[in-house]
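Sequence annotations record features per position, and here TrEMBL assigns domain 'Major facilitator superfamily (MFS) profile' to 1-394. Under the heading transmembrane segment, TrEMBL lists 20-39, 51-71, 83-103, 109-132, 141-163, 169-188, 224-249, 255-275, 296-313, 319-343.
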């Protein structure tokens, strides 16, 4: 075996190790978003606040997760992904540990919302940017795979956290799981590194790519950017609306105490959602690498719209509530990387970490406008059908 072939094999093996480590890091930061709905009832009682006020925390988490991404991207470009991702995993985990001891709403906003949002944002941008460097010819698959870690990470924690909340209470649950998130994410991040001499040209003839490179300011002046901005904003609002209010929906629909396959319907639905939400990302990434982003994007968007309609119509059936929730998240999960990679193809930029935020931040920030209105509607017992039709329309 020649030295060249040995080097190729070593690099091939190394990129799969990097993918696994990136997936673990993403899984370690997923629960603050995807398990939030299990915490709302206990947090409302502990902090003595109503749902609209509490849901501002989730808005802050999502906005801070993405709003500072250009600054975080510059730091990653300068200091390397390992250091910044390590810091991000610790911030995310410690946001739970510190929040477990807080009894003031303002402090909770700052810790769970702001500190946790900054931590998860650093990790998300850092890991996705690193993986597309390790897989220059399979960027859709690579980004989808690590995004699956974010979508599926809560599979391992949904039932344990639900059980722990009932057995040990909110404070101990957040303390223990926050420590686990910080430890696992930090250890996984220590193995991350940047590849050398990577060619970024795609090998798929299905993916046409712009030859011109755009600066961020130039990209913001392109109509195509704003078209994709609006598309992702609408898709993301509907998906995050369901993510943050799932427990409230289940209670309003009379499903929260139901049993399906011998398991509580709500945590079972949340677990299935995390699985399909994660599965769809590498799957659609793999498909779009071969058949085109736009065609695959159309399928994903249409699937979520149809699934949400059926979900609403069958909302009083516990089994269908669980199964259709999985289909909804299967359609929604793929949109997180479609728009960023389309922007990269048509409006290319030399610094990927600095560019990704412009598309990745969109899905979260839409919730800033919806959250107070949606939370108020829920707290005043407005019909959930209206919220679902709103999400289905988007």
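Glycine residues also receive a Cβ, built from the backbone N, Cα and C atoms like all the rest.
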Mean pLDDT, the domain 'Major facilitator superfamily (MFS) profile' (1-394)?
76
If we skip the immediate neighbours and take only residues 6+ beyond the ends of the transmembrane segment (169-188), which ones have a Cβ under 8 Å from one of its Cβ atoms?
21, 24-25, 27-29, 31, 39, 42-43, 46, 86, 88-90, 92-97, 99-101, 123, 157, 160-161
Sort out for me which stretch, of 109-132, 141-163, 255-275, 296-313, has the most Cβ pairs below 8 angstroms to the transmembrane segment (83-103).
109-132
State, in range form, which of 109-132, 141-163, 224-249, 255-275 has the highest count of Cβ pairs under 8 Å to the transmembrane segment (296-313).
224-249
Where else in the chain does the transmembrane segment (141-163) make close Cβ contacts, counting only residues six or more beyond its ends and a cut-off under 8 Å?
19, 22-31, 34-35, 38, 124, 127-128, 131-132, 134-135, 173, 177, 264, 266-267, 270-271, 274-275, 277-286, 289, 329, 333-334, 336-337, 340-341
